[in-house]
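J.: This is the structure I want to talk about, given as C-alpha coordinates.
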Amino acid sequence: MPTWTEYIFYKKLGKAPSPGDVVEVVPDLVGFHDLTGYHVLEVLEQMGKVEVFDRGRVVVAFDHLAPPPTQRAAELQVYIRRHVKALGLPHFYDVGGGILHQIILEKYAMPEQVIFAADSHTNTAGAVGAFAQGLGATDIAAALKLGKTWLVVPTPFAVRVVGEFPKGVMGKDVALHLLGAFGAEGFNGYSVEVTVEKPKAFPMDDRATVANMSTEMGADALVFIPDEVTVAYLHEARGVSYKPPALGGGKYADEYTVELGRLEPLVAAPHSVDNVKAVAEVEGIEVDQVFIGSCTNGRLSDIEVAAKILRHGRVKARCIAIPASYDVFRRAMELGYVDVLTKAGCVVTYGTCGPCLGGHFGVAGPGEVVLTTSNRNFKGRVGHPDSKVYLANPAVAAATALTGRITDPRQYL
(Lines of atoms letter the chains of each structure in order from A and count residues from 1; the text may use other names and numbers.)
(Lines give C-alpha, C1' and ligand atoms only; values in the text may rest on other atoms or scores of the structure.)
Protein backbone atom coordinates (compact mmCIF):
# COMPACT_ATOMS: atom_id res chain seq x y z
CA MET A 1 0.00 0.00 0.00
CA PRO A 2 1.25 3.54 -0.69
CA THR A 3 2.00 6.22 1.84
CA TRP A 4 -0.38 9.20 1.87
CA THR A 5 1.96 11.33 -0.25
CA GLU A 6 2.42 8.50 -2.74
CA TYR A 7 -1.35 8.04 -2.90
CA ILE A 8 -1.89 11.74 -3.73
CA PHE A 9 0.72 11.67 -6.51
CA TYR A 10 -0.57 8.38 -7.88
CA LYS A 11 -4.03 9.94 -8.23
CA LYS A 12 -2.55 12.98 -9.96
CA LEU A 13 -0.13 11.22 -12.28
CA GLY A 14 -1.75 7.84 -12.85
CA LYS A 15 1.47 6.18 -11.77
CA ALA A 16 3.61 5.92 -8.66
CA PRO A 17 6.65 8.22 -8.84
CA SER A 18 9.80 7.66 -6.80
CA PRO A 19 11.34 10.17 -4.38
CA GLY A 20 13.56 12.54 -6.32
CA ASP A 21 11.58 12.30 -9.54
CA VAL A 22 10.78 15.61 -11.22
CA VAL A 23 7.10 15.60 -12.20
CA GLU A 24 4.52 18.01 -13.60
CA VAL A 25 1.40 18.32 -11.45
CA VAL A 26 -1.98 19.94 -12.06
CA PRO A 27 -2.84 21.85 -8.86
CA ASP A 28 -6.29 21.81 -7.29
CA LEU A 29 -5.73 25.27 -5.85
CA VAL A 30 -3.29 28.14 -6.47
CA GLY A 31 -2.93 31.20 -4.24
CA PHE A 32 -1.05 34.43 -3.70
CA HIS A 33 -1.26 37.48 -1.46
CA ASP A 34 -0.53 41.19 -1.61
CA LEU A 35 3.19 40.87 -0.96
CA THR A 36 3.84 38.20 -3.61
CA GLY A 37 0.96 38.98 -5.97
CA TYR A 38 2.77 41.85 -7.66
CA HIS A 39 5.66 39.56 -8.65
CA VAL A 40 3.30 36.78 -9.78
CA LEU A 41 1.31 39.14 -12.00
CA GLU A 42 4.48 40.79 -13.29
CA VAL A 43 5.74 37.40 -14.49
CA LEU A 44 2.36 36.69 -16.09
CA GLU A 45 2.64 39.99 -17.97
CA GLN A 46 6.09 38.98 -19.20
CA MET A 47 4.63 35.68 -20.43
CA GLY A 48 2.21 37.55 -22.66
CA LYS A 49 -1.51 37.76 -22.05
CA VAL A 50 -2.43 37.79 -18.34
CA GLU A 51 -4.78 34.83 -17.96
CA VAL A 52 -5.41 31.92 -15.59
CA PHE A 53 -6.19 28.30 -16.36
CA ASP A 54 -9.19 28.09 -14.01
CA ARG A 55 -10.59 31.11 -12.15
CA GLY A 56 -12.35 28.88 -9.63
CA ARG A 57 -9.06 27.38 -8.47
CA VAL A 58 -7.38 30.68 -7.58
CA VAL A 59 -7.45 32.28 -4.11
CA VAL A 60 -6.11 35.79 -3.48
CA ALA A 61 -5.90 37.52 -0.10
CA PHE A 62 -4.54 40.83 1.11
CA ASP A 63 -2.89 39.95 4.41
CA HIS A 64 0.77 40.91 4.73
CA LEU A 65 0.47 44.69 4.46
CA ALA A 66 -3.24 45.07 5.08
CA PRO A 67 -4.48 47.69 5.61
CA PRO A 68 -1.60 49.22 3.62
CA PRO A 69 0.78 51.05 5.99
CA THR A 70 2.72 52.80 3.21
CA GLN A 71 2.02 54.46 -0.11
CA ARG A 72 3.97 51.73 -1.90
CA ALA A 73 1.88 48.99 -0.28
CA ALA A 74 -1.28 50.79 -1.38
CA GLU A 75 0.05 51.04 -4.94
CA LEU A 76 0.73 47.30 -5.04
CA GLN A 77 -2.76 46.53 -3.82
CA VAL A 78 -4.33 48.82 -6.41
CA TYR A 79 -2.32 46.99 -9.10
CA ILE A 80 -3.42 43.56 -7.86
CA ARG A 81 -7.08 44.59 -7.48
CA ARG A 82 -7.09 45.78 -11.07
CA HIS A 83 -5.87 42.40 -12.31
CA VAL A 84 -8.21 40.46 -10.01
CA LYS A 85 -11.15 42.39 -11.45
CA ALA A 86 -9.98 41.99 -15.05
CA LEU A 87 -9.50 38.25 -14.57
CA GLY A 88 -12.85 37.87 -12.82
CA LEU A 89 -11.37 35.92 -9.90
CA PRO A 90 -14.24 35.01 -7.54
CA HIS A 91 -12.15 34.01 -4.50
CA PHE A 92 -10.65 37.39 -3.62
CA TYR A 93 -10.34 38.53 0.00
CA ASP A 94 -9.57 42.21 0.38
CA VAL A 95 -8.36 43.98 3.52
CA GLY A 96 -9.96 42.43 6.60
CA GLY A 97 -10.76 39.07 5.04
CA GLY A 98 -7.90 37.32 6.76
CA ILE A 99 -4.61 35.56 6.19
CA LEU A 100 -4.34 33.54 2.98
CA HIS A 101 -3.44 30.23 4.66
CA GLN A 102 -6.27 30.44 7.16
CA ILE A 103 -8.77 31.27 4.41
CA ILE A 104 -7.60 28.30 2.33
CA LEU A 105 -7.88 26.02 5.37
CA GLU A 106 -11.34 27.30 6.34
CA LYS A 107 -12.96 27.42 2.94
CA TYR A 108 -11.14 25.47 0.26
CA ALA A 109 -8.53 22.86 1.20
CA MET A 110 -9.54 19.21 0.95
CA PRO A 111 -7.75 15.93 1.62
CA GLU A 112 -5.93 14.45 -1.37
CA GLN A 113 -5.52 17.84 -3.05
CA VAL A 114 -2.32 19.43 -4.32
CA ILE A 115 -2.15 23.10 -3.34
CA PHE A 116 0.46 25.66 -4.36
CA ALA A 117 0.72 29.27 -3.22
CA ALA A 118 3.28 32.04 -3.37
CA ASP A 119 4.15 31.92 0.31
CA SER A 120 6.36 29.61 2.34
CA HIS A 121 3.63 28.71 4.87
CA THR A 122 1.27 27.20 2.32
CA ASN A 123 2.03 23.91 4.13
CA THR A 124 -0.71 24.89 6.61
CA ALA A 125 -3.33 23.14 4.45
CA GLY A 126 -1.61 19.85 5.24
CA ALA A 127 -3.70 19.88 8.41
CA VAL A 128 -6.62 18.44 6.42
CA GLY A 129 -4.50 16.01 4.41
CA ALA A 130 -3.65 18.13 1.37
CA PHE A 131 -0.17 18.14 -0.14
CA ALA A 132 0.43 21.88 0.15
CA GLN A 133 3.66 23.62 -0.80
CA GLY A 134 4.90 27.18 -1.11
CA LEU A 135 6.51 28.11 -4.44
CA GLY A 136 8.20 31.17 -5.87
CA ALA A 137 6.42 33.78 -7.98
CA THR A 138 7.67 32.37 -11.30
CA ASP A 139 6.40 28.87 -10.56
CA ILE A 140 3.06 30.20 -9.33
CA ALA A 141 2.71 32.32 -12.46
CA ALA A 142 3.36 29.22 -14.58
CA ALA A 143 0.80 27.24 -12.58
CA LEU A 144 -1.78 29.99 -13.04
CA LYS A 145 -1.27 30.29 -16.78
CA LEU A 146 -0.53 26.70 -17.78
CA GLY A 147 -2.52 24.83 -15.14
CA LYS A 148 0.52 22.82 -14.12
CA THR A 149 3.95 23.20 -12.61
CA TRP A 150 6.87 21.00 -11.66
CA LEU A 151 8.12 19.71 -8.36
CA VAL A 152 10.55 17.17 -6.98
CA VAL A 153 8.76 14.22 -5.37
CA PRO A 154 9.72 14.23 -1.68
CA THR A 155 10.66 11.27 0.49
CA PRO A 156 7.95 10.15 2.95
CA PHE A 157 8.78 10.39 6.67
CA ALA A 158 6.36 9.11 9.34
CA VAL A 159 5.55 10.90 12.59
CA ARG A 160 3.26 9.14 15.04
CA VAL A 161 1.54 11.18 17.75
CA VAL A 162 0.45 9.27 20.85
CA GLY A 163 -1.27 10.27 24.09
CA GLU A 164 -3.03 13.49 25.01
CA PHE A 165 -1.99 17.10 25.62
CA PRO A 166 -1.07 17.90 29.23
CA LYS A 167 -2.29 21.20 30.69
CA GLY A 168 -0.72 24.21 28.99
CA VAL A 169 0.63 22.23 26.03
CA MET A 170 -0.64 22.87 22.49
CA GLY A 171 0.16 22.10 18.87
CA LYS A 172 2.84 24.80 18.93
CA ASP A 173 4.78 22.74 21.43
CA VAL A 174 4.67 19.72 19.12
CA ALA A 175 6.12 21.89 16.35
CA LEU A 176 8.82 23.27 18.65
CA HIS A 177 9.57 19.78 19.95
CA LEU A 178 10.15 18.55 16.39
CA LEU A 179 12.34 21.57 15.68
CA GLY A 180 14.36 20.87 18.80
CA ALA A 181 14.71 17.20 17.89
CA PHE A 182 15.52 17.54 14.17
CA GLY A 183 16.70 21.12 13.67
CA ALA A 184 15.63 23.85 11.30
CA GLU A 185 16.54 21.83 8.18
CA GLY A 186 15.90 18.37 9.58
CA PHE A 187 13.09 17.49 7.19
CA ASN A 188 14.56 18.99 4.03
CA GLY A 189 13.38 16.92 1.06
CA TYR A 190 10.75 15.07 3.08
CA SER A 191 6.99 14.94 3.11
CA VAL A 192 6.19 14.40 6.78
CA GLU A 193 3.10 12.23 7.27
CA VAL A 194 1.47 12.45 10.69
CA THR A 195 -0.87 9.87 12.19
CA VAL A 196 -2.64 10.56 15.48
CA GLU A 197 -3.33 7.68 17.88
CA LYS A 198 -6.23 9.48 19.58
CA PRO A 199 -7.63 11.79 16.87
CA LYS A 200 -10.04 13.70 19.12
CA ALA A 201 -7.14 14.57 21.44
CA PHE A 202 -5.45 16.52 18.63
CA PRO A 203 -7.90 19.14 17.25
CA MET A 204 -7.72 20.70 13.80
CA ASP A 205 -6.41 24.06 15.07
CA ASP A 206 -3.39 22.34 16.61
CA ARG A 207 -2.82 20.31 13.46
CA ALA A 208 -2.75 23.52 11.45
CA THR A 209 -0.05 24.95 13.72
CA VAL A 210 2.20 21.92 13.26
CA ALA A 211 1.65 21.85 9.49
CA ASN A 212 2.37 25.58 9.32
CA MET A 213 5.70 25.31 11.11
CA SER A 214 6.87 22.39 9.00
CA THR A 215 8.27 25.16 6.81
CA GLU A 216 10.68 26.04 9.61
CA MET A 217 11.61 22.34 9.78
CA GLY A 218 12.65 22.45 6.12
CA ALA A 219 9.90 20.02 5.06
CA ASP A 220 8.57 20.02 1.51
CA ALA A 221 5.17 19.38 3.07
CA LEU A 222 3.58 18.02 6.23
CA VAL A 223 0.27 16.20 6.00
CA PHE A 224 -1.97 14.83 8.72
CA ILE A 225 -3.41 11.59 7.39
CA PRO A 226 -7.19 12.17 7.44
CA ASP A 227 -9.16 10.65 10.30
CA GLU A 228 -12.42 11.27 12.16
CA VAL A 229 -11.33 14.79 13.17
CA THR A 230 -10.76 15.66 9.51
CA VAL A 231 -14.17 14.28 8.55
CA ALA A 232 -15.91 16.20 11.36
CA TYR A 233 -14.07 19.44 10.55
CA LEU A 234 -15.03 19.38 6.88
CA HIS A 235 -18.65 18.64 7.73
CA GLU A 236 -18.95 21.29 10.45
CA ALA A 237 -17.00 24.02 8.65
CA ARG A 238 -18.37 23.51 5.13
CA GLY A 239 -21.05 20.85 5.16
CA VAL A 240 -18.80 18.62 3.05
CA SER A 241 -18.84 14.83 3.33
CA TYR A 242 -15.56 12.94 3.07
CA LYS A 243 -14.57 9.32 3.57
CA PRO A 244 -10.84 8.65 3.97
CA PRO A 245 -9.45 5.81 1.86
CA ALA A 246 -8.16 2.71 3.60
CA LEU A 247 -4.39 2.91 3.37
CA GLY A 248 -1.59 1.56 5.49
CA GLY A 249 1.64 -0.34 5.34
CA GLY A 250 3.49 2.22 3.26
CA LYS A 251 7.28 2.36 3.36
CA TYR A 252 8.90 5.38 5.02
CA ALA A 253 12.49 6.55 5.07
CA ASP A 254 12.23 6.77 8.84
CA GLU A 255 9.71 7.33 11.60
CA TYR A 256 9.46 9.21 14.89
CA THR A 257 7.02 9.11 17.78
CA VAL A 258 5.85 12.19 19.69
CA GLU A 259 4.54 11.36 23.16
CA LEU A 260 2.23 14.24 24.01
CA GLY A 261 2.09 13.33 27.70
CA ARG A 262 5.83 13.95 28.04
CA LEU A 263 5.73 17.45 26.57
CA GLU A 264 5.70 20.74 28.47
CA PRO A 265 5.27 24.33 27.27
CA LEU A 266 8.27 25.17 25.09
CA VAL A 267 9.87 28.37 23.84
CA ALA A 268 12.17 29.02 20.88
CA ALA A 269 14.72 31.55 22.10
CA PRO A 270 16.56 34.09 19.90
CA HIS A 271 17.65 33.91 17.16
CA SER A 272 16.69 30.54 15.72
CA VAL A 273 13.52 28.46 15.57
CA ASP A 274 15.42 25.38 16.75
CA ASN A 275 16.89 27.08 19.83
CA VAL A 276 14.18 25.34 21.84
CA LYS A 277 13.96 25.45 25.62
CA ALA A 278 11.43 24.54 28.29
CA VAL A 279 9.56 27.62 29.46
CA ALA A 280 11.14 27.15 32.90
CA GLU A 281 14.58 27.83 31.39
CA VAL A 282 13.60 31.32 30.23
CA GLU A 283 10.92 32.15 32.78
CA GLY A 284 11.20 35.62 34.28
CA ILE A 285 12.77 37.36 31.28
CA GLU A 286 11.17 40.78 30.87
CA VAL A 287 9.13 41.28 27.72
CA ASP A 288 8.10 44.54 26.04
CA GLN A 289 5.50 43.17 23.64
CA VAL A 290 3.42 40.04 23.11
CA PHE A 291 1.78 39.09 19.82
CA ILE A 292 -1.02 36.51 19.75
CA GLY A 293 -2.03 35.64 16.20
CA SER A 294 -0.56 34.91 12.72
CA CYS A 295 -1.20 32.00 10.37
CA THR A 296 0.49 29.85 13.02
CA ASN A 297 -1.66 30.62 16.05
CA GLY A 298 -4.51 32.97 15.18
CA ARG A 299 -7.30 30.41 15.22
CA LEU A 300 -10.33 30.30 17.52
CA SER A 301 -8.90 27.91 20.12
CA ASP A 302 -5.78 30.09 20.30
CA ILE A 303 -7.86 33.19 21.03
CA GLU A 304 -9.95 31.16 23.48
CA VAL A 305 -7.00 30.07 25.64
CA ALA A 306 -5.61 33.61 25.60
CA ALA A 307 -8.94 34.98 26.81
CA LYS A 308 -9.14 32.33 29.52
CA ILE A 309 -5.81 33.47 30.95
CA LEU A 310 -6.33 37.20 30.44
CA ARG A 311 -9.52 37.10 32.51
CA HIS A 312 -7.14 37.19 35.46
CA GLY A 313 -6.23 40.87 35.02
CA ARG A 314 -4.72 43.57 32.84
CA VAL A 315 -1.60 43.12 30.78
CA LYS A 316 1.78 44.43 31.94
CA ALA A 317 3.37 44.21 28.49
CA ARG A 318 1.98 45.57 25.24
CA CYS A 319 -0.28 42.89 23.81
CA ILE A 320 -1.49 42.67 20.22
CA ALA A 321 -4.04 40.00 19.34
CA ILE A 322 -5.02 39.34 15.73
CA PRO A 323 -7.47 36.55 14.82
CA ALA A 324 -6.29 34.99 11.56
CA SER A 325 -9.48 35.58 9.58
CA TYR A 326 -12.70 37.55 9.62
CA ASP A 327 -14.61 34.37 10.48
CA VAL A 328 -12.39 33.72 13.50
CA PHE A 329 -12.70 37.35 14.58
CA ARG A 330 -16.48 37.30 14.29
CA ARG A 331 -16.80 34.06 16.24
CA ALA A 332 -14.38 35.31 18.91
CA MET A 333 -16.60 38.38 19.30
CA GLU A 334 -19.74 36.26 19.59
CA LEU A 335 -18.14 34.14 22.31
CA GLY A 336 -16.92 37.17 24.25
CA TYR A 337 -13.21 36.55 23.76
CA VAL A 338 -12.57 39.90 22.08
CA ASP A 339 -14.29 41.69 24.95
CA VAL A 340 -12.04 39.90 27.45
CA LEU A 341 -8.90 40.75 25.48
CA THR A 342 -9.75 44.44 25.10
CA LYS A 343 -10.70 44.77 28.77
CA ALA A 344 -7.34 43.24 29.64
CA GLY A 345 -5.64 45.97 27.62
CA CYS A 346 -4.89 44.12 24.38
CA VAL A 347 -5.08 45.79 20.98
CA VAL A 348 -7.24 43.63 18.72
CA THR A 349 -7.78 43.89 14.97
CA TYR A 350 -8.97 41.93 11.92
CA GLY A 351 -6.86 39.26 10.26
CA THR A 352 -3.52 40.58 9.06
CA CYS A 353 0.05 39.30 9.23
CA GLY A 354 1.08 42.63 10.75
CA PRO A 355 3.93 42.30 13.24
CA CYS A 356 4.81 38.73 12.22
CA LEU A 357 6.95 40.00 9.36
CA GLY A 358 7.84 43.31 11.00
CA GLY A 359 5.60 45.06 8.51
CA HIS A 360 3.23 47.11 10.66
CA PHE A 361 0.80 47.02 13.59
CA GLY A 362 3.41 46.32 16.25
CA VAL A 363 6.93 46.54 14.87
CA ALA A 364 9.62 45.98 17.52
CA GLY A 365 12.04 48.78 18.40
CA PRO A 366 15.77 48.63 19.22
CA GLY A 367 16.57 46.50 22.25
CA GLU A 368 12.98 45.37 22.72
CA VAL A 369 12.01 41.83 23.65
CA VAL A 370 9.00 40.32 21.90
CA LEU A 371 7.26 37.03 22.61
CA THR A 372 5.08 35.93 19.72
CA THR A 373 2.94 32.98 18.66
CA SER A 374 4.12 33.35 15.06
CA ASN A 375 6.66 31.12 13.32
CA ARG A 376 10.03 32.86 12.98
CA ASN A 377 12.43 34.58 15.35
CA PHE A 378 15.56 35.41 13.39
CA LYS A 379 17.13 38.85 13.77
CA GLY A 380 14.93 41.63 12.49
CA ARG A 381 11.92 39.41 11.86
CA VAL A 382 9.51 41.48 13.96
CA GLY A 383 11.22 44.81 13.37
CA HIS A 384 14.53 46.24 14.54
CA PRO A 385 17.56 43.92 14.13
CA ASP A 386 18.56 44.66 17.73
CA SER A 387 15.28 43.30 19.08
CA LYS A 388 14.94 39.77 20.46
CA VAL A 389 12.09 37.43 19.54
CA TYR A 390 10.82 34.39 21.44
CA LEU A 391 8.29 31.94 19.98
CA ALA A 392 5.69 30.19 22.15
CA ASN A 393 2.15 28.89 22.27
CA PRO A 394 -0.83 31.23 22.93
CA ALA A 395 -1.12 30.15 26.57
CA VAL A 396 2.50 31.11 27.26
CA ALA A 397 1.95 34.33 25.32
CA ALA A 398 -1.13 35.34 27.30
CA ALA A 399 0.49 34.53 30.65
CA THR A 400 3.56 36.51 29.61
CA ALA A 401 1.44 39.51 28.63
CA LEU A 402 -0.30 39.30 31.99
CA THR A 403 2.92 39.39 34.03
CA GLY A 404 5.27 41.29 31.72
CA ARG A 405 7.77 38.43 31.97
CA ILE A 406 8.01 35.06 30.25
CA THR A 407 5.65 32.95 32.34
CA ASP A 408 4.57 29.32 32.59
CA PRO A 409 0.82 29.43 31.86
CA ARG A 410 -0.16 26.33 33.79
CA GLN A 411 -0.82 28.27 36.99
CA TYR A 412 -3.61 30.16 35.18
CA LEU A 413 -5.30 27.13 33.58
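Every residue gets a Cβ built from N, Cα and C, even glycine.
These came from Swiss-Prot, pasted as-is:
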BINDING   C295, C353, C356  [4Fe-4S] cluster binding site
J.: Going along the chain, which residues six or more apart from C356 ([4Fe-4S] cluster binding site) have their CB under 8 A from its CB?
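T.: For C356 ([4Fe-4S] cluster binding site), the qualifying residues are F291, G293, S294, C295, T372, S374, N375, R376, R381, V382.
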J.: Excluding C295, C353, C356, please set out which residues of the same chain place their CB within 8 Å of the center of the CB atoms of the [4Fe-4S] cluster site, keeping sequence order.
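T.: Result: D63, H64, I99, H121, G293, S294, T296, G298, A324, T352, G354, L357, S374, N375.
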J.: Measure from the Cβ of C295 ([4Fe-4S] cluster binding site) and count the other Cβ atoms within 10 Å, all protein chains considered.
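T.: Excluding its own Cβ, the number within 10 Å is 30.
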J.: Within 10 Å of the Cβ of C353 ([4Fe-4S] cluster binding site), how many other Cβ atoms can you find? Include all protein chains, please.
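T.: Result for C353 ([4Fe-4S] cluster binding site): 29 other Cβ atoms within 10 Å.
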J.: Please classify the secondary structure at C353 ([4Fe-4S] cluster binding site) using three-state DSSP.
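T.: Looking at the DSSP assignment, C353 ([4Fe-4S] cluster binding site) belongs to neither helix nor strand, so coil.
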